Amino acid sequence: MYRVMLVEDDRTVRYVYSRMREWEKQGFTIECEAANGSQAVEMLRTHSVDIIFTDIRMPLMNGIEMMKQMKELYPGMLFVLISSYNEFEYAREGLKLGALDYITKPMEEKDLLEVLERAKVILDDASEGGMLQKLIMISKNEVNEEDSLLANLCGYLEEHLSENLTMEDVAEYLNMNRDYLGKQLKLRTGYTFRNLYNSLKMEYAKDLIHESSQKIYEISDSLGYTSADYFSQLFKKSVGMTPAEYKRGRE
């Protein structure tokens, strides 16, 4: 099930939205609800969600400002705006920021169905990348007991991106059996240990290429790879382009 955050200042409207049948029928569940943008930003620190449905006009922080703040922290997050007829300019601003779509009030089941079908295609196609972003989110925030293993694992890997850790190293750190750790990781995320470790390194490499003046071989070396060619192969497999192509596209 994909997890939804619902942001709406009217409690009655929020209740009506949350009880719509299409959520569960399309494979979505309401993970959490917030009454305004400020509350939603705080809630995202302790809840892992895949998509956010938000009203635009709300007290304390409107939906557009909330979206801007969340996009800085979680660039891959999906947003759907819920707007009144006279709020189209706000909705257009949200679409420019990358919102998936907007729904005009009052939201009905057929409107929700149409948007959820689109969102599901995107989330299914990006399931591996989406899982990676979710793991990164979990590692940076307060988590429940169920997610604590993943948080500790990803946090430890992120602290040692410059090294070449093995599954044995991490299992010893977590005081766990190596085989059990591997099975839990695969079961909960779909990743093998090596794929997850390399994927986290590629995410950090993207930041370094974008924000630093380091050369590609220097970035490769800083991430523990002895071969810049091998690093470039992994980067292309993960991102869809070589590090040099990615750098040119960001200049």
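Here the Cβ of each residue, glycine as well, is placed from N, Cα and C on the backbone.
TrEMBL annotations: computationally assigned, not manually curated.
In terms of DSSP secondary structure, the domain 'Response regulatory' (3-120) contains 54 helix, 27 strand, 37 coil. For 3-120, the entry in TrEMBL reads domain 'Response regulatory'.
Per TrEMBL, the feature domain 'HTH araC/xylS-type' maps to 151-249. As a whole-number mean, the pLDDT of the domain 'HTH araC/xylS-type' (151-249) in this prediction is 90.
Positions annotated as 4-aspartylphosphate by TrEMBL: ASP55.
Taking the Cβ of ASP55 (4-aspartylphosphate) as centre and 10 Å as the limit, one finds 26 other Cβ atoms among all the protein chains shown.
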